[in-house]
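Residues or ranges marked as [4Fe-4S] cluster binding site in Swiss-Prot (evidence: sequence analysis): Cys590, Cys599. Annotation comment: Swiss-Prot describes His692 as chlorophyll a' binding site, evidence class sequence analysis. Feature annotation from Swiss-Prot assigns chlorophyll a binding site to Met700, Tyr708. Here Swiss-Prot flags Trp709 as phylloquinone binding site, drawing on sequence analysis. Marked as transmembrane segment by Swiss-Prot on the basis of sequence analysis: 72-95, 158-181, 197-221, 305-323, 364-387, 403-429, 451-473, 548-566, 606-627, 681-703, 741-761.
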Amino acid sequence: MTISPPERGSTAKTQVEKVDNPATFELFGKPGHFDRALAKGPKTTTWVWNLHANAHDFDSHTSDLEEVSRKIFSAHFGHLAVIFIWLSGAFFHGARFSNFSGWLADPTHVKPSAQVVWPVFGQEILNGDMGAGFQGIQITSGLFHVWRAWGITNETQLMSLAIGALVMAGLMLNAGVFHYHKAAPKLEWFQNVESMLNHHLAGLLGLGSLSWTGHLLHVSLPTTKLMDAIDAGQPLVLNGKTIASVADIPLPHEFFNQDLLAQLYPGFGAGIGAFFSGNWAAYSDFLTFKGGLNPVTGSMWMSDIAHHHLAIAVLFIVAGHMYRTNWGIGHSIKEILEGQKGDPLLFPATKGHDGLFEFMTTSWHAQLAVNLAMLGSLSIIVAQHMYAMPPYAYMSIDYPTQIGLFTHHMWIGGFLIVGAAAHAAIAMIRDYDPAKHVDNVLDRVLKARDALISHLNWVCIWLGFHSFGLYIHNDTMRALGRPQDMFSDSAIQLKPVFAQWIQGLHAAAAGSTAPNALAGVSEVFNGSVVAVGGKVAAAPIPLGTADFMVHHIHAFTIHVTVLILLKGVLYARNSRLIPDKANLGFRFPCDGPGRGGTCQVSAWDHVFLGLFWMYNSLSIVIFHFSWKMQSDVWGTVNADGSVQHITNGNFANSAITINGWLRDFLWAQAAQVINSYGSNTSAYGLMFLGAHFVWAFSLMFLFSGRGYWQELIESIVWAHNKLKVAPAIQPRALSITQGRAVGVAHYLLGGIATTWAFFHAHILVVG
């Protein structure tokens, strides 16, 4: 930490400007008001596409960084308003159309539902039997499990949340208008990163986690302890009254009574005095370090979760006091960056990170790229933890929800990471000034780009041929009837020794890394089977040859995705083929007429191609997860303790050939969606067909050129002219880039919705 004389800190001054810029619907109601050319109105049908392309591209509206910053800031509030409206809808469905109370009363037999289809002409077939006499559509979002963890015990509370979320949405819309049209922050406020870090770390994350800890301790902990006791058939007694049903549980405000809490957790009786006297051990009954899962609910211990949030709060509150603002103490991000000079032996860089502070505070695309890469990676980490360390009660035995949440968080992560590459490339084109980056780390990476990309390309070729080659070998050997010559657990073994070592390390280290923990961090690492309601909630995940092989397919597809995206960023400004690429912008179809072979070189085209490989990568990841869990983890527990897995452990022997994946996974597990007609999952059958159609529709845009359509349009316009019904707005074919955008959008939408239907129809029936 650097301590400097007080004059180094900036003095407090107003960072908000009062603006007289009234919000008028007259202006908003005019399409294209943000762009001179678009504001003139449509002459051709291209106008509507340009309207969509540029509406949120604030850089194209103005070059004033302060104005762009204010628009982004205001849009954030609009986004938050949409999120609150969406949340309100979820709460409202829970309050009005769900079996939440029925599920709380018997979570191992009742399935969660928050939607009832009204009969028009037979649609009520979609309402399946959810148990306890409720007919509806099964939901797989995990919301019931989350609500139980919050301590919600009835539908009235959900209705209050629904109303509260709408109020919050109104406040957010108001804030968005206020901070753009009435009192708008100055550019220096947006660029004051130390203040932002302090407030976001200490305030948002630190105090946010601390207040959430308070809720967990004073509401969630007592409520869920009483519910767990009811579910275990051993109800607890409060004030001499047996809490035999959810309706008997005191409401949250009643837990303000400390004596009530102390009956459940004696540590609450110690009061606040124990905190200030340093007698923190008094709180050890509700701030625990148990590890493992609660055997009643198959989820992490609520007291562990509360302890975790308290620790996070302390860390972030400390972190939020580290950066230098009005007082001359603390870190300066600019000084930290400019102090980085590389490794003197391996990578000496005298200019190090010089210029990066200015780049990151004047290019919001560069800032966004870093944030998207981090958030996308975090989403993928969340996907892994939701099954390995399930945080919410009974979620681990709700297999449809487990597959749904894994798939959802993987795809969200993939889209965000591709977005990171997109905005990094935009930053390079619109915001990067080569004169300000001479021999710093960014410049050095750009100078080394040929070595980086050619080596990465070699890695992709190596991984692709070797991983796919193992499968081709196995398919061939199996076809020739030579199982002894196959790569498999029973013939030529390819054990994932590094993965097994990491699994063992985590299992063995539980006592040493967390000295007071009573159990390992996760049962998936050489733990034991946790069964809830006769179903497997968690179990060790054995890894073998089949996992080793598909892991290398993952490595291959991820590396190709990175190759495409990284090439797009590193060659965004220029290349040997097109030295003046930066002048052509982020998206362009080709380098003008007369230069053949220069199509699909724009940074936008790399994002376009990267999206296909991202989809490719993650399809294999979610297929691997879905099949592996059904084969080796999930299932029913027999009376003798043995486990009957959903697909009877067929992964190890079937997933080692291409034919096995096609026959024993895709084809076998599509049986439910293909045979869904006439049952309550028939909507997924229709979705499966419809989404295949959307996917096939995308190929029309991807496989045909613009000229074909322009020619067709001109003959159709001729016919309209003959009949004297010619349109005033001239029809035009989509541009090359627009066609590709429509194509990839439908490709992904069709593919994702097909997978959604395939997974749901199957696991809702067998899970």
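Numbers run from 1 along the shown chain.
Even glycines carry a Cβ here, placed using N, Cα and C.
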* **Under 8 Å by Cβ from Cys599 ([4Fe-4S] cluster binding site), counting only residues of that chain that are 6 or more apart** => Pro589, Cys590, Asp605, Ile736
* Rounded to the nearest angstrom, how far is the Cα of Tyr708 (chlorophyll a binding site) from the Cα of His692 (chlorophyll a' binding site)? -> 24
* Protein Cβ atoms within 10 Å of Trp709 (phylloquinone binding site), excluding its own -> 16
* Structure fact -> With the cut-off at Cβ under 8 Å and a gap of six or more residues from its ends, the chain residues touching the transmembrane segment (158-181) are 19, 21-23, 70-71, 73-78, 80-82, 84-85, 87-89, 91-92, 94-96, 98, 100, 147, 152
* Result, the transmembrane segment (305-323) in contact with the transmembrane segment (606-627) (3+ CB pairs under 8 Å) -> no
* **Contacting positions for the transmembrane segment (72-95) when only residues 6+ beyond its ends and CB under 8 Å are counted** => 56, 58, 114-115, 141, 143-144, 147, 155-156, 158-159, 161-163, 165-166, 168-170, 172-173, 175-177, 179-180, 185, 190, 364
* **Contact call for the transmembrane segment (403-429) against the transmembrane segment (741-761), three or more Cβ pairs under 8 Å** => yes
* Asked: Reduced to three states, what secondary structure does DSSP give Cys590 ([4Fe-4S] cluster binding site)?
  -> coil
* Determine, to the nearest whole angstrom, how far the Cα atom of the residue listed as 'phylloquinone binding site' is from the Cα atom of Met700 (chlorophyll a binding site). => 11
* In sequence order, which same-chain residues at least six apart have a C-beta under 8 angstroms from Met700 (chlorophyll a binding site)? -> Gly743
* Just how many other Cβ atoms lie inside 10 Å of the Cβ on His692 (chlorophyll a' binding site)? -> 15
* Identify which of the binding-site residues Cys590, Tyr708 has its Cβ surrounded by the largest number of other Cβ atoms within 10 Å, counting every protein chain shown. => Cys590
